[in-house]
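*Asks:* Below: one structure in structure tokens.
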Amino acid sequence: MACHTVLPLLFLLFLLAMAATADDVAPGPTTPPPELNLTNILENGGQYTTLLRLLNATRITEQITSQLKNSYDGLTFFAPNDNAFTKLKAGTLNALTDQEQIQLLLYHVLPRYYSLTTFQTASNPLHTEASGPGGMYSVNVSTSTTSPLVNVSTGVVDVPISSTLFARFPFAVYSVDDVLQPPQMFGSSHKAFAPAPGQAAAAAGRQKGVPKSDVAAEPSEAVEEPEGSSTNAAAAGRGIAVWLTTVIVLGGMALFLNLLVSA
Ligand SMILES: *[C@@H]1O[C@H](CO)[C@@H](O)[C@H](O)[C@H]1NC(C)=O
Ligand SMILES: *[C@@H]1O[C@H](CO)[C@@H](O)[C@H](O)[C@H]1NC(C)=O
Ligand SMILES: *[C@@H]1O[C@H](CO)[C@@H](O)[C@H](O)[C@H]1NC(C)=O
Ligand SMILES: *[C@@H]1O[C@H](CO)[C@@H](O)[C@H](O)[C@H]1NC(C)=O
């Protein structure tokens, strides 16, 4: 007699387990992911008019938006403020071709999400989205355990991340007080924008190191939990499913024991 009561209960538990699993795979339609909008982030930050104009003119904003939708690893964007652009030699931006402007902007994009903490375990050099058949365009990051600064160096400039404008997987936007100048465009070989001789020599010296292509993810980076609200909602959903299952199991056990005793 007890057996007849337990079987339907087991079936119910099975259904609940299936529901919990389905919840893991697809979060419900009630939690649309927030639209990540680089324009918005930069406008809120103030001080990024030149960058916004460049991003718009080159249509890189659209490219970043669509990449964010299709990327497993996320993106990191270094945003030079208006002050950074005023440090460039006069006429520098206008002297760049459209293609070079795109290349310069893509040099500010890393094809994965880095929080300030995951920069500590990143292995240099990190290639940027400007890398391609034309060569490896990479930056180095350096961190210190004693100071909160993360420095980004290109071989031409070395600049600390001055503030975090946005950092939630899959997108990080950090403000920098210098335009990240790739040595390929601003190093000694590029006469139009050659930096001071000392700087150029240093850049050329550093460039001799062959960039390693193993910028693969550190295992520890994968551990970093995305903090999106949809994830929280999914987790909450799972929590409810687990709670329900527990209640049913305990109830079923009580009923079963009761039947055993009365039998
Ligand atoms: C991003 O934000 C800007 C300014 O708030 C707005 O004009 C633009 O339409 C937004 N883009 C998308 C793709 O939502
Ligand atoms: C963005 O660029 C388009 C042309 O590509 C232009 O019509 C528009 O005014 C620009 N918007 C801003 C905010 O600069
Ligand atoms: C970053 O650069 C500043 C000077 O620009 C320097 O004082 C600091 O020690 C550097 N930090 C690291 C982690 O390299
Ligand atoms: C970047 O780091 C790599 C590996 O440590 C090194 O070989 C290279 O010279 C560095 N480049 C710059 C520009 O600092």
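In case you wondered, yes, glycine gets a Cβ from its N, Cα and C as well.
A TrEMBL annotation is a machine prediction, not a hand-curated record.
Straight from TrEMBL, here's the annotation block:
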- 1-22: signal peptide (SIGNAL)
- 35-180: domain 'FAS1' (DOMAIN)
- 203-231: region 'Disordered' (REGION)
- 240-261: transmembrane segment (TRANSMEM)
*Asks:* For the domain 'FAS1' (35-180), what does DSSP give as the number of helix, strand and coil residues?
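*Replies:* Looking at the domain 'FAS1' (35-180) with DSSP, the answer is 51 helix, 39 strand, 56 coil.
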*Asks:* If you average the pLDDT over the domain 'FAS1' (35-180), what number do you get?
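*Replies:* Mean pLDDT across the domain 'FAS1' (35-180) comes out at 94.
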